[in-house]
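Note sheet for the following structure.
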Amino acid sequence: LTGVLDDCLCDIESIDDFNTFKIFPKIQKLQERDYFRYYKVHLECKIPVGIKAGSSNKYSKAANNSKELEDCEQANKLGAVNSTLSNQSKEAFIDWARYDDSQDHFCELDDERSPDAQYVDLLLNPERYTGYKGPSAWRVWNSIYEENCFKPRSVYRPLNPLAPSRGGLGSVCLFSWTGLCLEKRVFYKLISGLHASINLHLCANYLLEETWGKPRWGPNVKEFTRRFDPAETKGEGPRRLKNLYFLYLIELRALSKVAPYFERAVVDLYTGNGHEDAESKALLLDIFRDTKSFHMHFDEKSMFAGDKKGAKSLKEEFRLHFKNISRIMDCVGCDKCRLWGKLQTQGLGTALKILFSEKEIQSLPENSPSKGFQLTRQEIVALVNAFGR
């Protein structure tokens, strides 16, 4: 990929340089700290019948050959979440909950309040290939695109594994944004970018072989080519990758905009270890300074700039679509995929919440709880880890 991104004044080379040399090393360090490595999630949500591939399993129980059974067993093993936590961590979480409950919160998040929610160590559960694929995975993404995306008139949907093969992706479609305003283009690109991110991590951290019970993980170029090469995707792959860069810019912009919220002394990253908490906040503020130094941000002022009534209606439509996407992520039949899907969806939702709350952030009181704008621990952890992905 080269050149300028659509709807932005930014080129891909500048993003690559900025991320590689400034942002990525620091965000990696931040993700390893206790505040950001534990994410509370409800993984036992009931999967609607319409999403499942005809059974309670992620693959059909009627798998009638050894290859399908082998794939199914591998997916169950690789997709399981490692829920190992030390007794020390469990005791710390009780303290964290007590601290969080003492703060003023103005939003309710299902995963935080659910009695079935559990903390998961993200470092023990890296986002990578799990074997989750086929009809069930396709139904999830198809639901997200069909129910929620303001789509261009002609754009390839995820390949339907249920349809009879016709030698490729079907007839060539022309890509057209006709009739879509900037806001709707942005929404579609964000979801496409999220999809590309998840697929990229699957390709970059793939199970290459497993001998004597020892797995070897690494980049799978063949899988990457299948999902993103122009020849394999009728030219759609590079556009998907560009949407990933667009997603990066949106979340980068949100981080730069939310800095004043964290710069206040009243906000800390509480784990009970005062020294570590201070170091975590210092590193986060350092990253904020870097985000502000990038001069080619996405300009969100061009969004929702029309008449007040229409802008308010469109914002609400965004919010409802996003809540629905969050619910659809509960339908993912692989625990580890669901974990990262839910986390990255919440991270993107938090980024949008920040961009829509600029006035509230600017008017925050220095030494008292935030009445107009508030971020929960979950939202902060999701925002940083989603951007880290």
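Note: Cβ is positioned from N, Cα and C throughout, glycine not excepted.
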Member of C331, C334 annotated by TrEMBL as disulfide partner of C337: C334
Alpha-carbon spacing, R227 (FAD binding site) to C334 (active site, nucleophile), which is rounded to whole Å: 20
Neighbourhood of R128 (FAD binding site), C-beta criterion under 8 angstroms, separation at least six: H201, L202, A204, N205, Y206, L207, W217
Site extent for FAD, whole Å (max Cα pair distance, R128, T130, W141, S192, H195, R227): 21
Neighbour count (Cβ, 10 Å) for W141 (FAD binding site): 18
Proximal residue to C337 (active site) among binding-site residues T130, W141, S192 (C-alpha distance): T130
